[in-house]
Structures are given as structure tokens and as C-alpha cells.
């Protein structure tokens, strides 16, 4: 027992000496490093850094405080000391401490840049946020209601309903068939005889100051064909029939027309021939050439083709 007690006393004394030696050595090493950092900090940091350098310089009275703080770490804290294996050198320590200080002061500047950029980005996001937030609210509100869906379908139905009448109301291209009755010689037609013959053949003076052939001989009903002045201005307007004269009149009908187009054409041709016979004139085609059987066949063929194209 006495031997064991002696061994424990020796081991405890050695441990205490080792801790004291370790504390003295580390305090001297830090004192040299802080002393070497002082000139470099004045060159690099200017007037604002002496405060920090003064903080690093500790008086001799503080060594006891440092020694007391160094007694607290356990044996695991000795790993950095054992792994370094390098005795402190003031020149090397000055370089490392200078680099550390540069890194310490460079990082806050970089962080400041980041914070400025983040602040600007946050400000831009705050400015843009209301525009992007309000629009979805306006769009989402109608989408949540079912009547909008009904309106969409009803809109499509109205489009279909509009397309059908348009397809039904598309009219074929208007065509005009023209016949002319021209005086045989140099003597023009006199209004008295001309108007009397026209009235006897069922023509009635009416709209646009020209004569019309209606479905009813009394001048009522749909217009089948019309008769105008062959000469300028084209009207048959007159105050005194005896003072009116013209070298010819023009019969015309349109395609499509009311009733049967071929029957209307035959009636128009028959009326033109009667008036030409009454006045001693000639029946001409649309180009003011004498009417021929071939040209009459061309008129009838035009009517048949028009009916077939619009059947």
C-alpha cells in the first residue's frame, strides 16, 4: 500500500509539472506571436487597427490568468500541440497572422456585397410581387365559378349558330342579261309613240325613272325585268312625251331573279321584239350587234349554267 501511494504521489507530481510546463511554453509562444504582429498590423490596417493590436498585447500580469485558463483543457486538447511538431517562429507566425487578418477583413466586405445584392433583389421582388400576385387573383376568381364554363360553351354555340346563317345567306354572283332595241335609221324614237308601245306591252314607269315589267300586268308584284334609256344618262324621265327622243332602249334582267329565269328571259325577248316591230327598230345583243340564233342560244346556255351552279 505504501508503494502504491508513493507511485501515485510521483505520478501526480509529474502530471502537475507537465501541466505547468505546458502552460508556460504556450504563453511564451503566444507572447512572441503577438509581439511580431504589431508592426504588420500598423502597416496594413492603418489607424483603425491599433485598437485590435492593443487587445492582442497582454501585460505580464495577465500571464497568471492565461495559465489558469490553460489548466482547464483535458489531455485531448494536446492533439494540436503534438501534431504540429513545429516550434513557433516569429517570422512565420507574422506571415500567417497577416494572412489571417486579411482573410478576416476581406470576408466582411464580401458579405456586405452579398447583403447589398440580396437587399436589392429583395426590394425588386417586393416591387414586382403585387403585380404577379394580383393577376392570379383576378384570373382565379372567375375560374372558380361554374357559370363561366357555361358561358364558354354558350359562346361556342353562338359561333355555330352564326356560321349557319352566313352559309345560308351567301348569295351567288350577280349576272345581268341585256337586250337592246335600236332605231333602224337616223331617225330616233319619239317619246309619244315609244311610251305608248311600252305601256301596251305591260311596262310601267316607276323607280329610278325607268320602266319595269312586274309579275302582275297592273304594275304590282315582283319586278321580272326593266327597260332603261340606251343613251346617256340612262333614264326615261320626261315632262312632255312629245319632246322626248332617243335612239334606243335597253332591256335587262338579273340572275338570280324572281321566278323562273328562262321564262323571264323569253318574256323579255318577246316584249323587245314587239316594241321593235311597233317602232321599226332592230333587236340587238349586249354588244349592240344584231341578234342571231347563236347569240340567243348563248343567253339560254348562260341561264342554264347559272341555275346548275347555284342549285
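All residue numbers here begin at 1 and follow the chain in the order shown.
Backbone N, Cα and C atoms are what each Cβ position is placed from, and that goes for glycine too.
Transmembrane segment is the annotation Swiss-Prot gives to one range among 6-26, 27-47, and that range is 6-26. In the topological domain 'Periplasmic' (1-5), the DSSP tally of helix, strand and coil residues is 4 helix, 0 strand, 1 coil.
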